[in-house]
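Per TrEMBL, these features apply:
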type	residues	note
BINDING	HIS79, GLY120, HIS121, SER122, GLY152, ALA153, ASN180, TYR289, GLU371	thiamine diphosphate binding site
BINDING	ASP151, ASN180	Mg(2+) binding site
DOMAIN	320-485	domain 'Transketolase-like pyrimidine-binding'
Amino acid sequence: MTDRPKTPLLDRVSLPSDLKSLSDVDLRHLADELRSETISAVSATGGHLGAGLGVVELTVALHAVFDTPRDKLIWDVGHQCYPHKILTGRRDRIRTLRMGGGLAGFTKRAESPYDPFGAGHSSTSISAALGFAMARELGGDPGDAIAVIGDGAMSAGMAYEALNNAGHEGKRLFVILNDNEMSIAPPVGAMSSYLTRLYAGGPFQELKAVAKGAVGMLPDALQEGARRAKEMLKGMTVGGTLFEELGFSYIGPVDGHDMEQLLPLLRTLRARADGPVLIHVVTKKGKGYAPAEAAADRGHATGKFDVITGVQAKAKSNAPSYTAVFAQALIDEAARDDRILGVTAAMPDGTGLKQFAQRFPRRCFDVGIAEQHAVTFSAGLAAGGMKPFCAIYSTFLQRGYDQVVHDVAVQNLPVRFAIDRAGLVGQDGPTHSGAYDIAFLANLPGFVVMAAADEAELVHMVATAAAHDSGPIAFRFPRGEGTGVEMPERGKVLPIGKGRMIAEGKTVAILSFGTRLSEVMAAREALMARGITPTVADARFAKPLDHDLILRLARDHEALITIEEGAIGGFGSHVAQLLAEEGVFDSGLRFRSMVLPDAFVDHDAPQAMYDTSALNARHIEAKVLSVMGVEALDTRRA
């Protein structure tokens, strides 16, 4: 462990109001201390490091100039909010980041009045800020609204919908485009190229304000240089033209690490702006910490690490991650079928498609933070005769649901959805929880929905999806490492809609969907010590259901329990519907369904989240005893 940094100025700051008494020179020194404290804190907890380091000076400047929380400061996504949390009364808890009962890794309304709008997903900040601005105009909460949005988030259509609406309304609103040339992965698309051209040519020699009327809002000392810059840009197809046409005054690019630019600019804009303003601030992700700056993703997300070396402390595992297993299985299938393609929405590392792209660069597409487009693009690829695998986190698939229904399901196109981070996700908390995909996919006609019980099953499901050409198919798998099972040399194609028996028993049957199977088997061992031997089956499919297997389990047992790592309305609900339609309940079958709670489960260690959700082995054991009418005297043991 390294000693905590000395922070004499930061020690005097409890709330943003304390910044008002500091000189500009002190604010610059404070930014250095804030950066050191952020590095120290994240080294102890892990988390999103690079984004926060890139906005340290901007965070100090915004809180020094604006009057938060009266003025609403909204951070897009929230990856960059750790310095903000330190300045807003939460420094004493900053080393509880992402821990159970500790600070959330993103902004969260319930946590602080300085977090006026929660986040976790991308590209929502401008819409929310405009909502605050219009509420102010209509007699709601007073104060300015400031959205800080990254260049990566500007690849999402929602950001432009909000810009278009804000420009039309014409009300006072500040949008700060935090352009670090890189979100999680290198940004893609024409917008990235457009922003690159805005500051092409090297270091910033002068502040440029290129929108009509924007020069007049600058500090007097900067106006002449800005006019020269504006003249220089005349006739070019770059500059702030896009934002001007949307109704914004555009100012920038501005060096986001130069407090001598940021402070006077923000003060002048706060005093003079009377409509929507976009300030283009260029920063460096991971700024001020060499290991983060040197990392491929600029230290986007890290585990605990040594501050001196930057080396992360990672627990060793004997099993590969589910993501790595998926990536290798897809590569293997693609080596045998050149129609197999990979599609990701700005998550090539997180989904494993980076490895696929290295092997098949022409067959992998990173479309940016654009899940709606990713889904319909995949639909077009499928309609064109290809075999697209749309690899996406469960929580982000929600963002493209209309496209899943309208463009994929209605047309019965064979898009393959590889749904990563299904179920609970630990420290990222409820905004990233993959709780709902079973429910929102299994109710779609013609959709095949699978869940892997372990990493070997995942290999088979990749092969099954590759072979399935008669309609859309999805397979879900969780975050983290597998169970350590023996891996097949090659995936086999599973019969659609057929589960498998795992262990025969009597009286009570447990039908598992997904990776809770290992906990089911642990519960079975405990129950056998009591003289109770449940039957265990792996459903494999939530859609179509294995009618024969389910009805056999119902016929041969007094009780049937389903378990899944998903919300109500998913696999268990479909099983209950089948049993009801077949009249099975008329004969007295006792049925229970174990699902995630009807609540947003807060961030914590995964095991603790499963305990909160009552989905661990001891809870399964207790459920079996309960349905059998046996008193569970010792099921509270750890």
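Heads up, the Cβ atoms here are built off N, Cα and C, so glycines get one too.
TrEMBL does not curate its annotations; it predicts them automatically.
The structure, with features from TrEMBL marked on it.
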| residue | record | Cβ neighbours (10 Å) |
| --- | --- | --- |
| HIS79 | thiamine diphosphate binding site | 27 |
| HIS121 | thiamine diphosphate binding site | 21 |
| ASP151 | Mg(2+) binding site | 21 |
| GLY152 | thiamine diphosphate binding site | 30 |
| ASN180 | thiamine diphosphate binding site | 24 |
| GLU371 | thiamine diphosphate binding site | 28 |
Rounded Cα separation (Å) that holds between HIS121 (thiamine diphosphate binding site) and ASP151 (Mg(2+) binding site):
14
The correct three-state DSSP answer for GLU371 (thiamine diphosphate binding site) is helix
Need the DSSP three-state call for ASP151 (Mg(2+) binding site) to compare against my parser.
coil
Considering all pairs of residues in HIS79, GLY120, HIS121, SER122, GLY152, ALA153, ASN180, TYR289, GLU371, annotated in the record as contacting thiamine diphosphate, what is the maximal C-alpha distance expressed in whole angstrom?
32
